[in-house]
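K.L.:
Next up is a structure, given as structure tokens.
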Amino acid sequence: MTKVVQFSLLLALILVLSVSLASAASQNLEFTELEDEDQSNLSTYIVHVRKPQVIQSDDLHTFYYSLLPESTKTTNQRIVFTYRNVVNGFAVKLTPEEAKALQQNEEVVSARPEKILSLHTTHTPSFLGLQQGLGLWKGSNSGKGVIIGILDTGISPFHPSFSDEGMPSPPAKWNGICEFTGKRTCNNKIIGARNFVKTKNLTLPFDDVGHGTHTASTAAGRPVQGANVYGNANGTAVGMAPDAHIAMYKVCGLVGCSESAILAGMDTAVDDGVDVLSLSLGGPSGPFFEDPIALGAFGAIQKGIFVSCSAANSGPAYSSLSNEAPWILTVGASSIDRTIMATAKLGNGKEYVGQSVFQPKDFAPSLLPLVYAGANGNNNFSVFCAPESLNRSDVEGKVVLCEDGGFVPRVFKGKAVKDAGGAAMILMNSVLEDFNPIADVHVLPAVHISYEAGLALKEYINSTSTPTATILFEGTVIGNLLAPQVTSFSSRGPSKASPGILKPDIIGPGLNILAAWPVSLDNSTTPPFNIISGTSMSCPHLSGIAALLKNSHPDWSPAAIKSAIMTTASQVNLGGTPILDQRLVPADVFATGAGHVNPVKANDPGLVYDIEPNDYIPYLCGLNYTDREVGVILQQRVRCSEVNHIAEAELNYPSFSILLGNTTQLYTRTVANVGPANSTYTAEIGVPVGVGMSLSPAQLTFTEVGQKLTYSVSFIPFSEDRDNHTFAQGSLKWVSGKYSVRSPISFIFL
């Protein structure tokens, strides 16, 4: 495989486009390819129905088929999937006219065209305080016996990260199957693998993208010594829960992830008996009753399954989140303290530090002519080094300064420079990305630098008639005290779907993460790994950590595990100062949520905020959803007129999001003691300007494990002190000895 093809494989994953995707069959899920009729006017619709009364699971397909218009029954069967666990309904190929006719059936709640959603480590375990044979890894048996279900692009089963040496057989509850054939496929590590995006050329759940292999090994990869990419980030690659089992559900391909396949994967995973679901994918914000991941996740938590999802890569814009439902752990991305360092050195002696994975040893450090790509390009896209935008006469043999953005993938910019004869590339961040360069596997000598450094390079180019530069490659450096830092791409809150719930919930490692890859990037014979970035990478870190907690505390609910993760999170970096964002200023709660995950502390949180599935009913009715819309989520008939509605902030969540106008708001929370039997917690509050807070009681005294106590907190507006600010943030901590149970608070001023 050529280097260009390899890089295309990588970028097709990261910048996946939203276009149509084929569906696939599964056990207990019906699938028919429509080969004998014109499909040009057919689209896949997701159909939600009222919960059938007293009907056997095996009869569901027949029941759903009976609802279809007669015009669909004259040719091949149109039903793509039938769902049994996470939603009441099915996916079907219809014309717009047939969909309209179907919606006239009183058993049908809704029928809408499906959307296509997009895909959103040698060092991270030690960065997070996980050590072999010690602490949480020892106490949780490294996740032994826990099953992590991963919905992604498939998996490469031959990779040593998925060796089952020394692993036990799957637990007796496991009900899944393996669709791989031949030898060395599923084993006691990969215990299940299904494909829901079958095509004529690819029917098995092999990973033809790379994303699924990377996320699976991040969550639960086995130790592999000598892991590296081009000699960088060398060490032992291991996942968060190395002894957990993996079940892969292939729901995505090169072009994205169809809603019908996602629902089919989640439906099957629940039936199979997974303990944790990990989804590094998502779509735009929308109401929960139209969100396939929110729907599937609610069905999962009803069965005690923890669900972790990526927050999306649309930052740093506010309200850019995916996967906002309160029953999902929404994970943003942060940096780690490892840098794959490269330096841009200018002819005036100044140096600007950046990052690059590709660090050729044969690149001479001598100065070369430096040119700005936007100076004499072929079109307006030359500044972004778009393909065929550069003149060979301008860039041949030179170092080319390119700008990030312009809808041109970073590695493709380097290819454009190389194709035009350029010797090297210096890539400067956009103003939004600022101080947040990313290490990429470039196709030529390159370095990614900050926006500020890029401005300095532009100024230098304009100051002399003979600007020169070179790139110094300095390898892997550990110990950046600014880590963790919120990445520029990590999506921010507040939530659009539910502004009264603070999102994201947590941040975790998502920048320059090394993990398993299906193919070698440098044609070496060593096991292939790759370094990529995204909230897709942070999500499986948290999924693996949840698996550790599930083993350590098998009686904890999904909400209790989430609470433990959130209330023990860190708000400071390795240097002991507040976590920063891409601008090198303190990150706000809409970027960090509760803070950066601390797995060791999460294993012993002291107190937890628990939520039962039925507790969400008054919350959902409080969102002013109709009875039918709430029923789609709950998979049961609901009459909100008979339910006590609650405000979003009244949900027993481990954080607060307060939409504060001119009146005082009072909310209650209940905490359960999971620490020492006899313990007293004292409240500490951090109150921002423009708000007053009062708490009752100010102390909580427990006498037994499992005991629950309730407190109330009032938020009082002081509008004259706000200085025209639109939001503020504070915190509430319950402190007892070594325990500090912290809830972040966001205030949105109305």
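A Cβ is built for glycine as well, from the same backbone N, Cα and C atoms used for every other residue.
What Swiss-Prot records for N41, N201, N234, N380, N391, N462, N523, N624, N662, N678, N724 is N-linked glycosylation site. Residues annotated as domain 'Inhibitor I9' in Swiss-Prot: 44-120. Feature annotation from Swiss-Prot assigns active site, charge relay system to D152, H211, S536; the stated evidence is sequence analysis. Taken from Swiss-Prot, the feature domain 'PA' applies to 369-457, supported by sequence analysis.
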K.L.:
Whole-number Å distance between the CA of N462 (N-linked glycosylation site) and the CA of S536 (active site, charge relay system)?
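P.N.:
With distance taken Cα to Cα, S536 (active site, charge relay system) is 40 Å from N462 (N-linked glycosylation site).
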K.L.:
Where does N234 (N-linked glycosylation site) sit by DSSP, helix, strand or coil?
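P.N.:
DSSP assigns N234 (N-linked glycosylation site) to strand.
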K.L.:
Around N201 (N-linked glycosylation site), how many other C-beta atoms are within 10 angstroms of its C-beta?
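P.N.:
N201 (N-linked glycosylation site): 6 neighbouring Cβ atoms within 10 Å.
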K.L.:
Nearest to N662 (N-linked glycosylation site) by Cα, among H211, N380, S536, N624, N678 (recorded positions)?
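P.N.:
Minimum Cα distance from N662 (N-linked glycosylation site) across H211, N380, S536, N624, N678 lands on N624.
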K.L.:
Applying a 10 Å Cβ distance cut-off over all chains shown, what neighbour count does N380 (N-linked glycosylation site) have?
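P.N.:
The answer is 11 other Cβ atoms.
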K.L.:
DSSP three-state call for D152 (active site, charge relay system): helix, strand or coil?
P.N.:
strand
K.L.:
Quick one: of the recorded positions D152, N201, S536, N678, which has its CA closest to the CA of N41 (N-linked glycosylation site)?
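P.N.:
Of all the candidates listed, N201 is nearest in space.
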K.L.:
Find the shortest Cα-Cα separation between N678 (N-linked glycosylation site) and the recorded positions H211, N380, N391, S536, and name the residue that gives it.
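P.N.:
That would be S536, the closest of H211, N380, N391, S536 to N678 (N-linked glycosylation site).
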K.L.:
Could you tally the C-beta atoms, other than its own, that fall within 10 angstroms of the C-beta of D152 (active site, charge relay system)?
P.N.:
30
K.L.:
What number of additional C-beta atoms lies within 10 angstroms of the C-beta atom of S536 (active site, charge relay system)?
P.N.:
31
